Amino acid sequence: MAMERTSSSAAAQDDDPLNGNTDMDSIERIFESKKVPPWQSQLTLRAFVVSFILGILFTFIVMKLNLTTGIIPSLNVSAGLLGFFFVKTWTKFLDKSGLLKQPFTRQENTVIQTCVVASSGIAFSGGFGSYLFGMSEIIAKQSNEANSAQNIKNPSLAWMIAFLFVVSFLGLFSVVPLRKIMIIDFKLIYPSGTATAHLINSFHTPQGAKLARKQVRTLGKFFSMSFLWGFFQWFFTGGDNCGFASFPTLGLKAFENRFYFDFSATYVGVGMICPYLINVSLLVGAILSWGVMWPLINEKKGEWYPAELKLSSLHGLQGYRVFIGIAMILGDGLYNFVKVLGYTLFGLYHQFSKDKTKGDPVSGNSSPDLPSLSYDDQTRTRMFLKDQIPNWIAIVGYLTIAIVSVVTLPHIFHPLKWYYIAAIYVFAPVLAFCNAYGCGLTDWSLASTYGKLAIFVIGAWAGGSNGGVLAGLAACGVMMNIVSTASDLTQDFKTGYLTMASPRSMFVSQVIGTAMGCIISPCVFWLFYNAFDNFGVPGSQYPAPYALIYRNMAILGVEGFSTLPDKCLMLCYIFFGFAIFVNGIRDLVGKNRARFIPIPMAMAIPFYIGGYFAIDMCVGSLILFIWSKVNKAKAAAFGPAVASGLICGDGIWTLPSSILALAGVNPPICMKFLSRSTNVKVDTFLGS
């Protein structure tokens with residue numbers, strides 16, 4: 001997982017029947033009487049209609065999260081559950097009316113989940129809250145550096161859609177030839193893909209279908225509550241810093257330092273999905289930065305930086321907030337990049353030395369020794385190898401899209417020369433493989449880390465006088481889309497393998513979902529961009545904090561350290577080293593003790609944003625923790641459904657609220673909180 005995009009599942013245990021390791025509780029024997037439909041029949045019209053509707057819903061959710069804090073939980077479980085509910089309802093209605101021609105299968109459920117996640121995933125990899133919006137004039141004005149016309153490109157629906165169509169499919173073609181190696185030969189775990197398959201398989205058993213109906217009812221109940229709560233809150237937001245989101249729950253002084261509970265159903269739900277350690281790490285980072293460091297650095301005003309600077313100036317306190325956070329993100333990213341690369345190289349060496357006698361897995365000559373496998377793995381392997389995707393399709397597809405990209409992208413981003421793009425595409429398949437392999441071992445997608453690498457390399461190559469900032473951000477988008485979609489597709493191949501869905505249907509579903517996302521995501525972003533005042537400005541409803549961070553990374557890559565305020569570079573070195581040191585300690589002490597040590601990447605996120613969302617997420621964790629103590633089984637079964645309902649309801653409220661904003665309908669009330677002394681002044685002024 002990239003830290004901006006968290007994964008919520010753990011690896012399936014070795015004795016899990018879904019791994020096919022035991023015959024005693026074989027999942028495939030349960031489905032033995034059900035014929036697996038051919039791959040064409042797994043791709044139904046109803047599946048893609050449902051995927052399109054859910055794709056819009058989840059894109060709104062991901063976009064809202066992207067533009068507020070940048071923490072995006074795994075939505076695979078919600079997509080699988082809602083896909084099951086919609087199609088099951090559809091087929092039940094048709095069955096009663098005698099019009100049902102094709103029953104709903106777990107393979108079709110997998111196709112829906114794949115399509116929805118591919119579609120909504122573009123809202124993350126498309127960079128609407130990071131590199132793409134970081135190109136805009138709104139963000140450039142906040143940095144006060146490298147904001148000449150050649151380093152700025154304002155959002156436009158046409159070029160955003162064109163850019164995404166050009167860059168979003170390459171990652172899919174880059175890993176198709178390696179699907180058999182990853183899933184069959186190397187038997188990579190892909191924890192999120194395995195957990196999703198476990199749920200989909202369970203939905204389609206009689207007991208699982210019963211539980212799924214209860215989960216959907218629970219999700220619907222909390223969806224309604226969350227939506228109505230968002231609607232209720234809207235009435236009190238008729239001005240800046242108004243409403244429940246500005247409620248100083250911990251006092252006015254704490255509120256000034258961004259410590260408060262903002263009554264966000266979304267982040268309470270996200271907190272219930274994210275692991276406890278992520279939420280605690282966020283809170284620790286918020287306390288360290290806004291509770292200790294920034295007040296201390298603020299005391300150095302006039303000594304370390306000019307006292308007359310605006311609060312938004314990167315040469316003042318804001319510079320420490322942004323660049324120290326960047327240093328921690330880069331330190332954590334570098335450590336995990338080296339770590340995952342090490343795992344990848346060691347794993348490859350181990351696999352190749354083990355498979356020497358069985359043939360060369362890269363050439364595709366190796367064939368699994370089926371009799372030595374369990375019944376489940378034998379059945380799944382035969383199905384997985386049955387519907388092969390010819391390698392020539394992947395090679396021709398990759399080369400065709402690469403050529404189109406090399407020709408097209410320089411016309412969209414003038415500083416991004418054709419040879420920069422060609423260089424990226426030469427190395428991209430190797431990096432996509434490394435990311436997909438590392439994700440299979442660790443569940444970590446380092447897409448954003450590879451994107452940041454492209455920012456520095458291409459930005460420095462282009463140079464500041466030649467639009468290096470814009471070139472670096474555009475290169476980040478190209479790289480991030482390739483490696484992100486590559487790991488997503490291999491996760492889906494693992495899910496398909498465990499649910500007996502054809503690799504062909506998985507690939508087609510991913511392609512269609514990606515195409516949907518290339519249209520839906522820019523349209524949803526465009527709605528946000530035009531509907532809300534002060535969009536992208538710190539302190540607003542949608543501040544897009546990562547956009548400024550990514551732009552400043554590009555400036556740092558082009559201009560070096562000259563942009564940093566006094567003592568900031570020293571502090572950056574300290575926190576860069578701190579991130580590496582803490583990660584090293586976490587790995588040395590083992591998993592049992594590491595769960596008590598914060599994660600540096602998560603700690604870095606509140607450095608710029610503040611601690612309000614961390615408090616919301618910790619409340620979500622606390623609810624789940626207490627629930628687990630009271631009734632562990634119910635919490636495990638219904639916790640994800642409650643969390644998904646809270647996220648979906650609040651997320652979908654942004655659609656009517658943005659339509660109201662576009663129509664010029666403003667909330668009627670401003671609920672604001674003042675100190676006693678300020679209130680006396682206001683009363684005196686109004687009384688006079």
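Even glycines carry a Cβ here, placed using N, Cα and C.
As recorded in TrEMBL, the features of this protein are as follows:
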- 1-11: compositional bias 'Polar residues' (COMPBIAS)
- 1-20: region 'Disordered' (REGION)
- 43-65: transmembrane segment (TRANSMEM)
- 71-90: transmembrane segment (TRANSMEM)
- 111-133: transmembrane segment (TRANSMEM)
- 157-178: transmembrane segment (TRANSMEM)
- 276-297: transmembrane segment (TRANSMEM)
- 392-412: transmembrane segment (TRANSMEM)
- 418-437: transmembrane segment (TRANSMEM)
- 507-532: transmembrane segment (TRANSMEM)
- 568-585: transmembrane segment (TRANSMEM)
- 605-627: transmembrane segment (TRANSMEM)
Do the transmembrane segment (157-178) and the transmembrane segment (605-627) come close, with at least three CB pairs under 8 A (pairs 6 or more apart in sequence)? no
Would the transmembrane segment (392-412) count as touching the transmembrane segment (276-297), if touching means at least three Cβ pairs under 8 Å and pairs must be 6 or more apart in sequence? no
I need to check the long-range neighbours of the transmembrane segment (507-532): which residues 6 or more away from its ends have a CB within less than 8 Å of a CB in the stretch? 43, 47-48, 51-52, 55-56, 59-60, 63, 67, 111, 114-123, 126, 128, 133, 155, 157, 160-161, 164-165, 168-169, 172, 176, 389, 485, 488-489, 492, 540-542, 654-655, 657-659, 661-662
Out of 111-133, 418-437, 568-585, which stretch has the largest tally of CB pairs under 8 angstroms to the transmembrane segment (43-65)? 111-133
Report, as numbers and ranges, which residues of the same chain sit near the transmembrane segment (605-627): CB under 8 Å and 6 or more residues beyond its ends. 3, 68-71, 257-262, 264, 267-274, 276, 278-280, 282-283, 285-287, 289-291, 321-322, 324-325, 328, 543, 545, 548-549, 634-635, 639, 643
Per the Cβ under 8 Å criterion, with at least 6 residues separating them from its ends, the transmembrane segment (418-437) contacts 170-171, 174-175, 178, 182, 186, 188, 340-341, 344, 347-348, 398, 402, 405-407, 409-410, 445-447, 450, 454, 458, 461-462, 471, 475, 478-479, 482-484, 486-487, 489-490
